[in-house]
There are 2 protein chains.
Amino acid sequence: MAPYVTEFDLYEPEHVDGKDAVKQKVAVIGSGSWGTALARIAALNAAEKKGFHPEVRMWVREREIPGKGLLTELINNTHQNSRYLPDVSLPHNLRAVPELADVVKDATLIVLVVPHQFLTPVLETLSKPGVLAPNARAISAIKGVEVAGDQIYTYPSIIEKRLGIPCSALGGANIALEVAHSEFCETTIGVPSPEDAALWHAVFDAPAFRVHPIEDVAGVSLSGALKNVVAMAAGFVDGMGLGGNTKAAILRIGLLEMASFTKEFFPESSSLTFSHHSAGVADLITTSFGGRNRKCAEAFVKTGKSFTQLEHELLNGQKLQGVATAEEVFHFLEARGRLQDFPLFDKVYRISFEDMDPKCLFENL
Amino acid sequence: MAPYVTEFDLYEPEHVDGKDAVKQKVAVIGSGSWGTALARIAALNAAEKKGFHPEVRMWVREREIPGKGLLTELINNTHQNSRYLPDVSLPHNLRAVPELADVVKDATLIVLVVPHQFLTPVLETLSKPGVLAPNARAISAIKGVEVAGDQIYTYPSIIEKRLGIPCSALGGANIALEVAHSEFCETTIGVPSPEDAALWHAVFDAPAFRVHPIEDVAGVSLSGALKNVVAMAAGFVDGMGLGGNTKAAILRIGLLEMASFTKEFFPESSSLTFSHHSAGVADLITTSFGGRNRKCAEAFVKTGKSFTQLEHELLNGQKLQGVATAEEVFHFLEARGRLQDFPLFDKVYRISFEDMDPKCLFENL
């Protein structure tokens, strides 16, 4: 388990039997803030780099915007996704497309960045014969994890299995709007092979968006899920009015728990992903100081309202990622009889769902 | 290089030749916020634990407080150090003492927590014959590092050499006032032997102040110095109005630079100290979000004033730790011809002293 050390910028298109170079074609499935921000970078790179088809397609669920026409037309005419990425100009070679099959037609590089509850129908369409190009590869920027009894699955593994194509993972300290404003940041991609590392690096790397490819697909994916559980603990600390020492201690303990969870249940992963990479420590810091999991967890302590209530009031009923992951991880660890070695994950669940006093967060850590 | 796994709470006094147990006696040299907070914990533990002399002495530079008498008497009568730790009750067995030789008389455990510029005269007094007990041990909570040309020294190594006694290091995410208010936090002690680990753990460990002893004395000491340089970079990011992604990226890169600096010049140290322990990642987080190095660095970018001006205006002319360390580390790396592998440390110096544009912080990282 090590970072790839290939010269990724040297990615050059393959020549097949003396014919024209095979052009890579990028498709982005998802058009929320993060999907649009990633599509923007991919389109900027595709327009400039040799070996890429210049058009990047982005899947947008079609709907009528009152007085303004169809959403895809609006995005394609204004070159803005004003709901999810206000005041950000999108490159003209980024094209919003309403039909999923059209988005991925001839695409070789598929970026999956839908909320996890929409993944199943997306995979159903993509797995139909003839929809995907035979040489397609995927990358998942989906946060979360799937648990069934005592089994746990990352999204890249689910995608890989369902579509029969290699799937990488992308994660890091990446608040979408800051990325779209080209503020300096880093991201980590976990990729199964050096060839895929070179390809995905070429798709996303930019002067203000530094892409570091590593081998650990499971670690990058798990970190994106588990950090939200730790961010909830950070929110509880804020809600109790405790200071920087306590929050830093919770982050440190949480990061170690994230790493040992991943190491235990995905033994091929690397603890360096958590301690050294943007998908680990940096993403955890950003999420625990700025994200909405932290914010809702703070409100949970301060108001005494349940998460169901808070999700209703603050998120239009949308399920908070950290709450969902805390629940899944708790039930998985319970099914495995392994709760005792993950006291922080255990407590976040019990505080959220079993009326445990938030002050108990620090016991047995 | 590993954490000690002894049962530290089992520390019991040594019995010598059937005589009474040798009682450990704690002396704290320094009475600023951090010195007083550490003295408070040590006194609470000494009062309760077997094997400790109940009185803990703390060195206070004597002076007359207008209308209130001598400072030591004021502290000993009110059981408060109202200038440095307002509204915190100090245990009655903690005694402020004006003469250094009296503070350390018969003391076996010496806590050094003076600003580094005061260390030389302190060591001069302590090294006089008969001042220190022959079986004394020391621990340094002093932040900073000493550079002379192409040589670099940690404070524990200076203390050890000058006094001829073993010296440990203490560091972590420990804002003094939060520690004094018993908010949950952790600290790391780097100790040269399991015996010293057990002793210092017994002195400081408390339910809300979790002490983790590890072997890496140099790493704990260096981290306390170098984190302030990274916190200045974090302050520059804040001053430029950049967001959480950028700050997290700078912290991540800074943490790796701290670890590789220490590994290169103190090869006996461990990179785990930085990635896994409170003295590393947790202290860096707390300092980069809350500390005064961050704050002054933000003001530096926003106001365009020099650090000398800012130190004059905001710190009564006191030298900012991060600025001093950035300067020392830069000159050391320059003398060694090793600047190119520490671009963040290099840039913090050049932005601070050579009019480099803060926007250049991200180049070559």
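Yeah, the Cβs are placed from backbone N, Cα and C, and that goes for glycine too.
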From B:ARG137, B:ARG292, B:ARG294, the one annotated by TrEMBL with B:GLY30, B:SER31, B:GLY32, B:SER33, B:TRP34, B:GLY35, B:PHE118, B:ALA176, B:LYS319, B:GLN321 for NAD(+): B:ARG292
Among B:LYS143, B:LYS227, B:ASN293, which are recorded as recorded positions, the nearest neighbour of B:TRP34 (NAD(+) binding site) by Cα: B:LYS143
Between B:ASN293 (substrate binding site) and B:GLN321 (NAD(+) binding site), the C-alpha gap once rounded to whole angstrom: 7
Residue from B:GLY30, B:PHE118, B:LYS143, B:ARG292 whose C-alpha is spatially nearest that of B:LYS227 (active site, proton acceptor), among the binding-site residues: B:LYS143
Residue counts (helix, strand, coil, in that order) that DSSP gives for the domain 'Glycerol-3-phosphate dehydrogenase NAD-dependent C-terminal' (B:216-361): 117 helix, 0 strand, 29 coil
Among B:GLY30, B:GLY32, the most crowded of the binding-site residues [Cβ within 10 Å]: B:GLY30
B:TRP34, B:PHE118 as binding-site residues, winner by CB count within 10 A: B:TRP34
Average model confidence [pLDDT] within the domain 'Glycerol-3-phosphate dehydrogenase NAD-dependent N-terminal' (B:25-194): 96
